[in-house]
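First, the structure itself, so that you have it in front of you.
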Amino acid sequence: SQKKSSVPGVSIRQLVEEIPEGCSTPDFEQKPVTLALQEGKNAIFRAVVCGEPRPKVHWQSTKGDLSNSSKYQVSSAPGSKEHVLQVNKLTGEDTDVYRCTAVNMYGEATCTVRLTVIEVGFRKKRKRQKEPQEVCCDQRGEASDLLSLLPRALPAPKKKVDLEQVWQLLMTADRKDYERICMKYGIVDYRGMLRKLQEMKQEQEDKMAQYVNAISNLRHIRVTKGGIATFDLELDLKDSESKIYLYKDGEMVPYGFDNLTKHCLRRLGKRYNFQIQDLRPEDSGIYQVKVEDTIVFSTELEASAIPARVVVPLAETRCEEQADAVFECTLSNPCPSAAWQFRRRPLQPSDKYEVSVSPNGLTHRLVVRGARFSDMGLYSLDTGFYASSAWLVVEAGKDKDLQTTSTDSQQQELSRRSGKEGSKDRDATRSPTPSYKRGTGSFSMEVRGPSGHFSQGLADTEVQQGETAILSCTLTSDLGPGTWFKDGVKLTTQDGVVFEQEGLVHRLLIAHVQRTQAGRYTFVASNQQSEATLTVQDTPIIAPDVTEKLREPLVVKAGKPVAVKIPFQSCLPVQATWRKDGAEVEGSGSRGTQIALGDGYTRLCLPSADRKDRGQYSVTLKSEGGSVQAKLTLQVIDKPEPPQGPLEVQDCHGAGVCLRWRPPRDDGGQAVEHYVVERRQAGRSTWLKVGEALADGTTFTDARVERGRKYAFRVRAVTSEGAGEALESEEVLVAPEALPGAPSAPAIVSASSQGITLTWTAPRGPGSAHILGYLIEKRKKGSNTWTAVNDQPLPERRWTVVDVRQGCQYEFRVTAVAPSGPGEPGPPSDVVSARDPMRPPGPVRNLQVTDTSNTSITLSWAGPDAQDGDEAQGYVVELCGSYSLQWIPCHEGTVPVTTYTAKGLRPQEGYFVRVTAVNEGGHSQPTALDTLVQATPTTVCPKFLMDSSIKDSLTVKAGDTFRLPVSFEAAPMPEVTWLKDGLPLPKRSVTTTKDGLREIFHPLSSRHLWCLVTAAMALPTVALPTVALPLGVGVPACPQPPGPIRLQENVPGTVTAEWEPSPDEAQGIPLHYAVLTRSSVNSRWREAADRVYTNRFTLLGVLPGYEYHFRVVAKNEVGASKPSDTSQPWCIPRQRSEWSL
């Protein structure tokens, strides 16, 4: 099992289940430090290791062991925990990742450290051997095209990093990383850095205190095996709605909440996990997490930590026997740990295999010297995260038969015949043609049918891993025992295969076939051969004990996290799909579900299970070799839901209160044991348990209730998990003995500053026959609190309340009291003031009419004189028609102000008006106007309203209708007359008047018309002068065409065109001409000149032997005229030279 070390970057694996007391697994107290040194110096790595018993420590690199004692020196002082690795005289080949491992009987601890050697000077280029000639030109061309897109050996320009970001990075970095960060960003004052860092941390804590309660468990960026960069932290936010932002190098980075985006956030409780997918070199930089506007965490993604991607993959290579085969693969960034493999086995550089890397570290090259048939197979370049593979196909030269080399008597090499030569007697089965599938690194074999000495050749076969594979072929005649080959290598019984022969049938049996046994098999007999491909499908395997455990339901309690881990075995990439009740489960959903897929396992996590999560789950593991499915049942136990309502409460008349409900819809996965019934009296907050009901009964009777009181009841279902939520009823009044009804609202008899006298009528109905008396309550106006006036019931239905304050307003209500108790209070009385009676106000003053219209009259007046009475609280406005004797109020209630507009009057009708002042003491004497007021508007002299939108002149195209709006003010509505050049407009012109706006719609057809339109206004009933508004209207039209065109040659090589002017030009209308030409070569008209203001145009560059046509068009601001064309084309004869022989 894995354990966590106190030192970051250390991996501890425990080898036993229990460790005795006093013993421990190995661990690193101090891990080696990453170094970057110049070429020629010595590198020293120091590691301090602890553990009981004392662990053994050994060092290794990714390129192999460290057995060269002159190059590598490993030392450790006796009894000391410090172990030292020294690498002498560094060269560029020493750049590598070194691993330090400490092992004892209880576990092992591992950490890695990188050494980077900085090369100086110029490196000599290696002399490359001549490359094979038989290389696919297309593939080399594609590779060269892609290589041209890659950066050359020049280093990439360094990104400018804001120093403020570096300080933020230091504040959240581990102390052991201070020195590395300072050296990287050029901070040389180490002590000054520590002092400044302390001050900045204090300021940062004050800023974070606004949004964050606590921050802990900061984990810096690390790159997983899947090539995903991840970092996380725990945040206890003061406000869960606070916004969280992600920045890279000072710029905000958008992120999502699923795996579909490059940057995503996964949140589990207070844990915030950020992920960066599809890593590229440009993703390196400083990442910062902000809460609102405050930085809480900074971390850095190093460029060296980003895994290298394959830019130009390996391509299939073909070569003849004994020739050199070359493989090249280009990566996105340098990867010193990239390793070559042959048939999934590591390749070490040797005379046979030459490995080299380009100066920029991007292109990796493998040269297979003197390729033989045994070298055929799959070659791969593995970077640790990504890999690229391709086949090497070794072909025999022309007319070469299958032969056995003298250097390897046990290995026969198959020759591939080229061309169409050879007889059927010698070639029983033609060699399959391998075709490379781009992006897969594999071949598909096209096996042709048997011929010659094979009646049935080998056939391509697919089997599951662990099954028995059988390859069989049948000869037409006995050619001997024959020989079997796999990928060009001769097979023997030591390879775990069985050879069978029954007559002419030859079989190859492979029991419990493994993935490594997949490949191309060949049977050879007397120079005749047949080939086929064996494919081993690797279906993911789930251990039987895991499947057995999944048959039992998984039971969890609600609120607890659920983690289901399914381990499996597969050599191919696996996709895991989780489903619940047939529906696919999505990770990072609204419920926080998480799905993980790691090396050899898949896991489903539910952070907090509830009843909705119960059901049938299944996981499907799918790879190229097949799929397998596992199922499990999840049961979530929770408290029961409330019983189903409504909770019925019924008065049983002497027996108490009967309750009735229905069982809960969901019992939480456990049977209901009983129900608990509780009761609460109205006005109180305490619930009292009154009894329990059996699980099979859903009724209960509470006999201990008091009559005349209100109660609320609730019921809970109880299971082994506890009591669930309650079903609660509304407050219910338990029917008391008959109580008296409510008296009437008190009537105010009199009111003064000394007291208020009330009277009321007795109630009616059951319980009102024997009234003991009445209780009186009062409250101030606007208050909700009632105060008792008397303690003992009053036998009379009249009472004077003397406990009042002068000037205050009160309301009163009465409650009847009977032997059964007090009844419901009666309705409140009207609001009354406790003060002496007021005097009526005096009459209003200065009544006058301020405005009139056809339907309204506006009045204003002054308030009464204070000497004539008390202050007025309102006014009443009344009207009386000229033919009526009755005064009618114009409004409801009173008018609080000294102005009023009476609306809804009849036009041109006269009215008498009067106004009366009102207060609590009564009404004043009305004040009326002596004269009759007419409902007519006031007279306003006509006036045109001119603004910037109205112009003195208007230009309209002939045939269009123009709209000419004119605004004015006048009262009453004036008569508007439109005149054109002093004469009235015809009836076909349309004019409208609306809200002081006069419009004219007039169609125009005459050409080049300029007229003067006048709008005149006059009031019909008032002798006022007429007002006129002159407006000019111009009506231009398209010009008439010009006259005939005359052509003449004034200068050799030119043509001058003259035409008669357009008739409109004589009328002084502005216009111009456009000249168009076409020749016998080009039949389309083209514009030779525009805006010609004369009647003459000269065309230059006229060629002999061509015909030229001319067209002239007159134009103005409205449009163009019809064209005028030449009747005959212009042509200059071509002169032919005389030739003499």
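The backbone N, Cα and C atoms fix where each Cβ goes, and this holds for glycine too.
TrEMBL lists 187-221 with the feature coiled coil. Look at TrEMBL and you will find 403-413 tagged as compositional bias 'Low complexity'. Here TrEMBL flags 414-429 as compositional bias 'Basic and acidic residues'. Taken from TrEMBL, the feature domain 'Ig-like' applies to 26-116, 450-535. The domain 'Fibronectin type-III' feature in TrEMBL is assigned to 642-737, 742-837, 843-939, 1041-1135. According to TrEMBL, the feature region 'Disordered' maps to 401-456.
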Please give the sequence-distant neighbours of the coiled coil (187-221): residues at least 6 beyond its ends with Cβ less than 8 Å from one of its Cβ atoms.
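Distal contacts: 8, 166-167, 170-174, 178-179, 181, 229-239, 242, 271, 287, 291-292, 294-297, 299-301, 305.
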Tally of helix, strand and coil residues over the domain 'Ig-like' (26-116) according to DSSP?
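Summed over the domain 'Ig-like' (26-116), the classes give 3 helix, 56 strand, 32 coil.
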Could you tell me the mean pLDDT over the domain 'Fibronectin type-III' (843-939), as a whole number?
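It averages 89.
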Looking only at the domain 'Fibronectin type-III' (843-939), what are its DSSP counts of helix, strand and coil residues?
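Breakdown, helix to coil: 3 helix, 45 strand, 49 coil.
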Could you count the residues of the domain 'Fibronectin type-III' (642-737) that DSSP puts in helix, in strand and in coil?
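Counts, helix then strand then coil: 0 helix, 55 strand, 41 coil.
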